[in-house]
Amino acid sequence: MSASSLLEQRPKGQGNKVQNGSVHQKDGLNDDDFEPYLSPQARPNNAYTAMSDSYLPSYYSPSIGFSYSLGEAAWSTGGDTAMPYLTSYGQLSNGEPHFLPDAMFGQPGALGSTPFLGQHGFNFFPSGIDFSAWGNNSSQGQSTQSSGYSSNYAYAPSSLGGAMIDGQSAFANETLNKAPGMNTIDQGMAALKLGSTEVASNVPKVVGSAVGSGSITSNIVASNSLPPATIAPPKPASWADIASKPAKQQPKLKTKNGIAGSSLPPPPIKHNMDIGTWDNKGPVAKAPSQALVQNIGQPTQGSPQHVGQQANNSPPVAQASVGQQTQPLPPPPPQPAQLSVQQQAAQPTRWVAPRNRGSGFGHNGVDGNGVGQSQAGSGSTPSEPHPVLEKLRSINNYNPKDFDWNLKHGRVFIIKSYSEDDIHRSIKYNIWCSTEHGNKRLDAAYRSMNGKGPVYLLFSVNGSGHFCGVAEMKSAVDYNTCAGVWSQDKWKGRFDVRWIFVKDVPNSQLRHIRLENNENKPVTNSRDTQEVPLEKAKQVLKIIASYKHTTSIFDDFSHYEKRQEEEESVKKERQGRGK
């Protein structure tokens, strides 16, 4: 019998086993030739549930019986390695391909093992641990399709305390929380995240997790969870516990003379701004630490400009200073050395007057009201007044009461001096000299006024904390003349001035006045030759003119006279050596 006759005798309807298949033959080809490629063969009596049905798979038996349980399959990882595993493969059933994953791409199912064609999932558990009973509880199939990567990963039992937890399952409000080892996971997660005993459901989700799922949290738990025995919550510490601990005793520092560091603070920092030592020129006198204790009758020095040289003054100068201190009232009892040193340490970086003027200032730069104050309008008169000072007072009317501070025309500048030595010599010789830039600015201002108004200069020593006087510029700058009287040889040029006020006015009296042309800074925070606007200058001049001062540089005039004589003798010795 030929093949064609067999085809003719074949009953109708058997040409294609697929219901929707073609019924027409084309070009002598039979549709049966394409059956292996078009669709799998339909098996009769297939009573298995669909793949999406994840509720009743445990009620059906496998289609093929095996002599061993797949749950007893040997582990291929060689130990309890805490690493994620892909979900299980489907069991071999009637020639079906065994490599098809049952829940790889978003199929719902509990514990990442949705059964394939009604078969039990491969659960990676050793014998005796069977989770088939879990298929009946409400937790099975609770993973919704909204989960971005549902049932993608599962974890080894060793890393989760014996329970295989779906990588995307949410721990809150599910019966999976009842699984063995969940306390360990919660405690480990709490120790990892918060360091407390809160449950993992209270931990905020990590930014970047997949569509509101707990996969990242589960991954962290699987790789970092620790047994409860190793979790040690931090011991709470209260302020009472901290206060009850004894303080560590600091070793007492001792000076070169063996005096305890608690009674003698360290001396002030010595900068390279000493008078007569500019650019390492002139003698550099170092004051021994004993000088602070021996000079009890002298107020302490806090200025880095005067500590080195004024501590080594000759005895006549020291005697003269004592006379200035005790002139207005009987001499007070000598102060202890420790009190004198404490006064110095209170202002280690502030300038303090070298003699009697130190008692006129408080620690905050405000004038004090203690004993030994001079009368308003003049400095304290020494027991033996210096003849140069007497001559200056007879010629000049310092601190006039009828000063006209309400200027209609005029310009006012701030002058910052490196030392009071130069202030003393400016008063003595009625001259002044600024930097090259400052001289040009002052000279231009003086020439611009052309006699229409005064040019006032407000003097202040760097770091002194007060203004020491006001002078009027009386001539243009002579750039070709060098006065040769300044404590430093760096100044070139000179111009004449007339001193009007010689008094110490603390910065606290003027700090509220701010300059709009200097970043709105206080007038006390100005640089050399900083111009003060006229309206603000009127306020400054009014305060200086009306301030009842208690100290001035006249109190130390004899001291600075002696210093000038010493400097001149040193210069003569240098000139003699140079010849």
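Yeah, the Cβs are placed from backbone N, Cα and C, and that goes for glycine too.
Fair warning: this is a prediction, and the values are worked out from it, not measured in the lab.
These features come from Swiss-Prot:
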REGION    1-45  region 'Disordered'
MOD_RES   Ser2  N-acetylserine
MOD_RES   Ser2  phosphoserine
MOD_RES   Ser4  phosphoserine
MOD_RES   Ser5  phosphoserine
MOD_RES   Ser22  phosphoserine
MOD_RES   Ser39  phosphoserine
MOD_RES   Ser196  phosphoserine
REGION    247-387  region 'Disordered'
COMPBIAS  291-316  compositional bias 'Polar residues'
COMPBIAS  337-349  compositional bias 'Low complexity'
COMPBIAS  359-371  compositional bias 'Gly residues'
MOD_RES   Ser359  phosphoserine
COMPBIAS  372-383  compositional bias 'Polar residues'
REGION    385-579  region 'Interaction with m6A-containing mRNAs'
MOD_RES   Ser394  phosphoserine
DOMAIN    410-544  domain 'YTH'
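A simple way to gauge crowding: the CB of Ser394 (phosphoserine) has 8 other CB atoms within 10 angstroms, across all the protein chains here. Broken down by DSSP into helix, strand and coil, the domain 'YTH' (410-544) contains 38 helix, 45 strand, 52 coil. DSSP gives Ser394 (phosphoserine) a helix state.
On the 0 to 100 pLDDT scale, the domain 'YTH' (410-544) averages 96 in this prediction.
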